[in-house]
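The structure follows.
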Amino acid sequence: MSTVLLAVIAVILCVLFRILNVNSQPHKPVIYGRDRNFIENILFIAPFLNEPYIPTRLWGFSGHVQTILHSLIGRVRCPWPIGGRISLILPDKSTLTYDLYEPLGSEHEDDVTVAICPGIGNTSESVYIRTYVHYSQRHGYRCAVLNHIGALSSVPVTGARIFSYGHTDDFNYMVENLMERYPNTKLILVGFSLGGNLITKYLGEERKRPKNIIGGISICQGYNAIDTMVYLLQWQNFRRLYLYIMTDNYRNIITRHKRMLLNPEMKNRYSLDETMIVSAGTLPDLDEAYSRRVHSFASVAELYKWSSSAFYLKKIKTPMVFINARDDPIVPEPLLPIIREFVSSHDNVMYLELSHGGHLGFYEGGLLYANPVTWLDRALAALVGGLLMSHHKCSPKPAPDAAADLGLSDDEPDLIKSATIIYKDPLEKVPQKL
């Protein structure tokens, strides 16, 4: 074998090793928060959050591969959960649907409904949603999945709009309908990506919400749409490529329903130019040509600010858990300090930050072939249980010793001290790492 060929092979292997990041090692999630009792309740139900997250060995340490596989394949051996579709006609004549799945197990006495808001343009038919619903059903939870207006090709658009980044009314209509059907159920909200932004904004808005809502979980949201778009417009780490794909998907939804969304009346009412919409190369271009006009905003920046959960965080009173990965190519690490600071200055909230996982991937186990159930699926089921436990205030009884102020007993493991946790009290200027 010639020296040149060996050199070429060596270069290819180096590039592959760098892209796949195979030299990385598993790490424990870093937990941010100041409310030790709340965190202890969560860790008591989900002790594996103290353990290293172990991605699939050959490719799981790459945020790109995790993200791409999540988008193309979703989950391994994904089941089809059995449920029914609910259709609602809204005051603006839009047709809103959500899918309802009854629990398959009976692990607890409480009636618990998990209200799920998928990512941008996703629905109950998305593979990652189906897997999580099936796993959650088997843990005894009822699930309701919002289908973003316009995202299902089988459901026609009957009003003058589709979903948007910050429009929480659709989610609220689903919640109200659930309350009519199950007035005594306890509601836990779960949002993926854009859905995480929507449920966070929903819980921080000044609006009437059912008292049945006992918690929320947000996964892989960007918090601030203005800052997120600045990073997505950059070519670094191939973020501009992801932005192009998201733009194309959003544009396809608009053009699929053009008979309702781009008819002459709509064009005249909102000054829409179909050529600008079809030729838009980025989400800001598409939002300038379509979204901000239909939703009556003077500028795209105004639309993004209204849509961003970051501006509603401080008004949230409901217990919440947030999850992000540092290698997420769509939500880069510079966007994460805002949530670290928020949970470090408020009670009943915690933030899990993982080194790996990509955007909604979190595949784990195996050398090449990942486990059928991801770390995220397991974590969400456990976090729902932790929020339920925190609601009932049934954390382990404190022992009369030095562990009492942490809510720990002699009979239970010291979950707090075995985790990588960063606390910050209001009077502390520097976080304390335990």
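Backbone N, Cα and C define each Cβ position, glycine as well.
TrEMBL does not curate its annotations; it predicts them automatically.
The structure displayed is predicted, hence computed values, not measured ones.
The signal peptide annotation in TrEMBL covers 1-24. The domain 'AB hydrolase-1' annotation in TrEMBL covers 114-365. Per TrEMBL, active site, charge relay system is recorded for S193, D328, H359.
For each listed feature, how buried is it and what is near it?
The number of other Cβ atoms within 10 Å of the Cβ belonging to D328 (active site, charge relay system), over all protein chains shown, comes to 26.
All protein chains included, H359 (active site, charge relay system) registers 26 other Cβ atoms within 10 Å of its own Cβ.
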Let me check the 10 A CB neighbour count of S193 (active site, charge relay system). How many other CB atoms are there?
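For S193 (active site, charge relay system), the count of other Cβ atoms within 10 Å is 22.
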